[in-house]
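> Pasting in a structure now, in structure tokens, and then I'll have a few things to ask.
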Amino acid sequence: MTTVRQRRVGKGAEAAEDQPAEKNGKPDVKILSDHTGGKLWNILTVTVGGIVAISLGLLTSVYVATLHENDLWFSNIKEVEREISFRTECGLYYSYYKQMIQAASIQQGLHGLVYDNKTESVRTINILERMNVYQEVFLSILYRILPIQQYLEPVYFYIYTLFGLQAVYVIALYVTSWLLSGTWLSGLLAACWYITNRIDTTRVEFTIPLRENWALPFFAVQIAAITYLLRTHLRPVQERLTLTAVFIATFLFSLTWQFNQFMMLIQALALFILDCFDMLPTAKVTRLYIIQISGLLLVCVLQFFNSMILGSLLLSFNASVLLARTIQKNLKKGGLLSRLGKLILHILLVLCLTLLINKFIKKILNLESDEHIFKFLKAKFGFGATRDFDANLYLCEEAFGLLPLNTFSRLSDTLLFCIYMFVLFLMTVAAVIVAFRNLSGSNQVQSMEKIEEHTVTLKPDAAYNLIHTVLFGCLALSTMRMKYLWTSHMCVFASFGLCSTEIWKLFLKCIHLYTPQRTHVMKYSVPLITLLYISYKFWPGIMDELSELREFYDPDTVELMNWIKSNTPNTAVFAGSMQLLAGVKLCTGRTLTNHPHYEDKNLRERTKQIYQIYAKRAPEDVYRILRSFGTDYVILEDSICYERRHSRGCRLRDLLDIANGHIMDGLGENEPDLKPSLYPRFCEEIKKDLPSYTTHFIRVFQNKTFHVYKLTKHK
């Protein structure tokens, strides 16, 4: 809206200059008053829109915090129960925050993280190098130096920070939609959709310390900054400030999530596609490539030159694109066929260079940290079955499966998905037309005025968000866990389309009903009707949800943690499932044999060995394996030993049987080369207290869920 108004004023000014001056200078006075009125209106619009954005952000923060409190009665439960509520890897990450808080000094806390020997027994690892926990370090230092200890417990300081980041997230989504459409009504609709589709847009209220809950708000800020950067006619100062904002957001996103490189690779692919079709300014795309590289390398330095970052496909891809450009200098010249030929060669060159550079780096660094991801992807997309334990562990988890179809029915209930598909279709048609015109060079023939009047156009910021949503949509469809990257942007994209003059203009022209007045009416009336529908249908449900009170209840795990703290030495080493051991570390501070942060080859091999407690192995073999990792106690879980959550072939015991070459339990087919095991299942047989087992393992604790055995120490 601001740009349109400025153009009108500018045209008026030019026209005034061409016309002879009238008496008393009345036209100049009128132009000045119009210009002043326009400025005041813009200031008022920005002020009101900004207040609405901040209010919605804060309301979202309070909303998820209230849901968390109502679900667990967090303020009333014991400390051990609060810590147990941080399930699986969430508990592991929070344990480092707790460790830093409890350290005698900040220096001692940092030393304990850099030289950690309690996360993996008989090994000293650098936590700051292996895991993305700088946010825990920063928060713990902030908590120690601020005068708030008497008023706020450490756990509340932590969770309120995460809930506060949700406010940043919603504001960033709001601003992105506003920038794209030109009206803050679009941002309001995006925020409302984000809240009403909470089940599919965020899971922060029950997985608070998860890395994505730290990272996604910064990713949203980065997208908002890129959207602004891709606007035309930015002044040099505005461009420099925006590039700085993009860099800071990219750096913080990369610092807080180990999967940052894969998300930014998709973003780099979006930039590459748009640059190939002349839909973005090449100079700005180059700067964004450099920002991605520099942000990731800075994180690499802070993570003590983490080899997984150095061997990332993102660095190899960005370097390849920049190198290929220097080789093919006349890429964007010539006719349609010539351009297509050059484009195909360019894509092949970039692909080959990426693979060569990445292979070379991994060979030099002997990098195998991320091989499990590529094994998983290979098996997931049908490039051969695998018996690899790590790949199958991912394949069998629902979170890494295809996006369930009921997701679309939920998103359609709020009209989000229906409107999203409508906008996506129109934008895709426009993008195809613009891409073809750019490749054929027809845009050079017509004047800009004729193009705007008679042909389809697509602004760079809208083009970027289109490719962004398409690529992240493909990611979400293939891997359910990644849907939160797509659904939040879906809110932005759908609301922008519904409030966009260009979209309604294109739609009305297609059905031969276009007039500027109708476009203006549709731009404001349809979003308002949608907002009224959402409020009418979902407001009562939100109120009911906020009034529903539950309480945390897990007495078996609480009993286990209290027993460990009271009956085992501080130096005791525990073996068990990755998920449970994260809680053991957080609640008791005992040393672990393995944990859920899976991005290390040695840890993956160690976990597979530890999990032989659920396989068909001889007690002597299991004892030998556990003792090789310094284990003093092993925890067996009935929920794993007698698992029913997964179907046959995906239970943990089945994955172990397949990896060990043994026939699976239960009715069903087995692969021909699998053989019966010579031994019964360890986790079942040990409960019979047979001499061959009691020689090595003594039961010291049990309840309805857990069985703890102490390993005997043989001379």
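Cβ atoms are placed via backbone N, Cα and C, with glycine included.
Sharing the feature lines straight out of TrEMBL:
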type: REGION; residues: 1-29; note: region 'Disordered'
type: COMPBIAS; residues: 1-10; note: compositional bias 'Basic residues'
type: COMPBIAS; residues: 20-29; note: compositional bias 'Basic and acidic residues'
type: TRANSMEM; residues: 40-65; note: transmembrane segment
type: TRANSMEM; residues: 178-196; note: transmembrane segment
type: TRANSMEM; residues: 216-234; note: transmembrane segment
type: TRANSMEM; residues: 241-259; note: transmembrane segment
type: TRANSMEM; residues: 295-323; note: transmembrane segment
type: TRANSMEM; residues: 343-361; note: transmembrane segment
type: TRANSMEM; residues: 415-436; note: transmembrane segment
> Can you name the far-off residues of the same chain, 6+ from the ends of the transmembrane segment (415-436), with a Cβ under 8 Å from a Cβ of it?
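Tertiary neighbours of the transmembrane segment (415-436) are 193, 197, 277-279, 408, 455-458, 462-463, 466-467, 469-470, 490-491, 493-494, 496-498, 500, 502-503, 506-507, 530, 533-534.
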> For the transmembrane segment (178-196), find every same-chain residue at least 6 residues outside the stretch whose CB is under 8 Å from a CB in it, and list them.
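Residues 1-4, 45, 48-49, 52-53, 56-57, 59-60, 63, 170, 202, 224, 227-228, 231, 414, 416, 461-462, 465, 488, 490-492, 494-496, 498-501, 523-524, 527-528, 530-531, 534-535, 538, 542 contact the transmembrane segment (178-196) from elsewhere in the chain.
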> Residues sitting near the transmembrane segment (343-361): Cβ under 8 Å, six or more positions beyond its termini, same chain?
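Apart from its flanks, the transmembrane segment (343-361) reaches 272, 276, 310-311, 313, 315-317, 319-321, 323-324, 327-328, 331, 367, 439.
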> Determine which recorded stretch among 40-65, 216-234, 295-323 has the most C-beta pairs below 8 angstroms with the transmembrane segment (241-259).
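Against the transmembrane segment (241-259), the leading stretch is 216-234.
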> Near the transmembrane segment (216-234), which same-chain residues lie under 8 Å Cβ to Cβ, leaving out any that are not at least 6 residues past its ends?
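Same-chain contacts beyond the flanks: 3, 165-166, 168-169, 172-173, 175-176, 179-180, 242-243, 245-246, 249-250, 252-253, 256, 263, 280-281, 284, 288, 459-461, 464-465, 468, 484-485, 488-489.
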